[in-house]
Amino acid sequence: MTLSFITRWRDELPATYTALSPTPLNNARLIWHNTELANTLSIPSSLFKNGAGVWGGETLLPGMSPLAQVYSGHQFGVWAGQLGDGRGILLGEQLLADGTTMDWHLKGAGLTPYSRMGDGRAVLRSTIRESLASEAMHYLGIPTTRALSIVTSDSPVYRETVEPGAMLMRVAPSHLRFGHFEHFYYRREPEKVRQLADFAIRHYWSHLEDDEDKYRLWFNDVVARTASLIAQWQTVGFAHGVMNTDNMSLLGLTLDYGPFGFLDDYEPGFICNHSDHQGRYSFDNQPAVALWNLQRLAQTLSPFVAVDALNEALDSYQQVLLTHYGQRMRQKLGFMTEQKEDNALLNELFSLMARERSDYTRTFRMLSLTEQHSAASPLRDEFIDRAAFDDWFARYRRRLQQDEVSDIERQQLMQSVNPALVLRNWLAQRAIEAAEKGDMTELHRLHEALRNPFSDRADDYVSRPPDWGKRLEVSCSS
């Protein structure tokens, strides 16, 4: 089957990119590809059998027209000016049979005009982390970019140490970022901001295109998508680590996996990025940061959208966030109805978990085994203060009884939303260290495991992290 690529970005937004081709690596070789995703995109298996090829930037497929996008942004709350694709190249936009499109973005593809002081490269460590994280999030049901392939090489890349150069093929319906809009707003080119908005509406909100109120309705949905995404992050214990405006997806996708981390111990102020000295991007601050980022996006739209309409949309953020968060947390607790004491029960559990440094994922998974008429629970052994747990657990079971739902029905719901497996940093690190020695077995094994996060397992993928794996510091270097 021949793949079809179109050039909407190149043709409709000429001021937003520089056309250029990838720079191949030395002795590049394909070490992993996403068979399930490739099948979904109707990619012939033969493309994965002819060396690095398109996956290593050595060839282009018919119809591809590679380019690097320019955008700007606020980083750690400070205006950073022009940024752009410093090491990534949009190879093309694949047109799928259902009329939707998928960007093919090659990360680590070499120098671009937007590389600033960088070398345009990515290292094996970061490409493995992003591939694992994006696929883990996808199978958790959280909107995200996807990983299609990884190529490693003999090209040395200099970070804190010398590491192997690598490339990741990332795919997504769109790579539109808040930072695209900021770029032209701060260049005082509001007509180009409007062009970006029109492009987004035409191709991703086409049902609004003929509505006279299209910009307001569109921004309302951007706010809602962002609020929903953040609610989902918070419920699975995901910390992004670097929520700069240039890393915010207009479509509400999880974008740009850098120093991310899933909670091990329940620690609301968890900071996964060792460069985040002030804790701006701590786990519990993510909802506030996302709103701040939406305010920056709203500012760029103010030349052609009424300020009252923008503020009304921003004011809806908290309610949308809390609604989605509340729904998901009630599911995690097994509540089939909404009762006034639910928030108090959840907050008391969180307080107990924080005091005891309980494992976030394991706590909710073990809670899924609760029998409403039995005081016995494997979760009890996870707490030092047994009396405090017993008191909370008794009230929790009384709340479950109010719903008049069988244990089996409720347990099935809870086990479908409380994962047994999340991508803990130590699991990723173990796969990385093996891959850097040439052994890809653990990379493939972990990828396969992450496809079934809600299934019980008997291996160490679902265990507490070992001592060396707790609070691994992760940097932005990639």
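Every residue gets a Cβ built from N, Cα and C, even glycine.
The Cβ of Arg170 (ATP binding site) has 25 other Cβ atoms within 10 Å, all protein chains considered. Sequence annotations record features per position, and here Swiss-Prot assigns ATP binding site to Gly84, Gly86, Arg87, Lys107, Asp119, Gly120, Arg170, Arg177, Asp256.
Residues within less than 8 Å, Cβ to Cβ, of Asp246 (active site, proton acceptor) and separated from it by at least 6 positions along the same chain comprise Tyr71, Ser72, Gly73, His74, Gln75, Ala80, Leu83, Arg177, Phe178, Gly179, Glu182. The active site, proton acceptor annotation in Swiss-Prot covers Asp246.
Look at Asp256 (ATP binding site): DSSP puts it in coil. Around Asp256 (ATP binding site), the same-chain residues six or more apart in sequence whose CB sits under 8 Å from its CB are Val242, Asn247, listed in sequence order. Under the heading Mg(2+) binding site, Swiss-Prot lists Asn247, Asp256, citing sequence analysis as support.
Around Asp119 (ATP binding site), the C-beta neighbours below 8 angstroms that are at least 6 residues distant in the chain are Arg87, Leu111, Val157, Tyr158.
When secondary structure is read from DSSP and collapsed to three states, Asp246 (active site, proton acceptor) falls in the helix class. DSSP assigns Gly84 (ATP binding site) to coil in the three-state reduction, placing it in neither a helix nor a strand.
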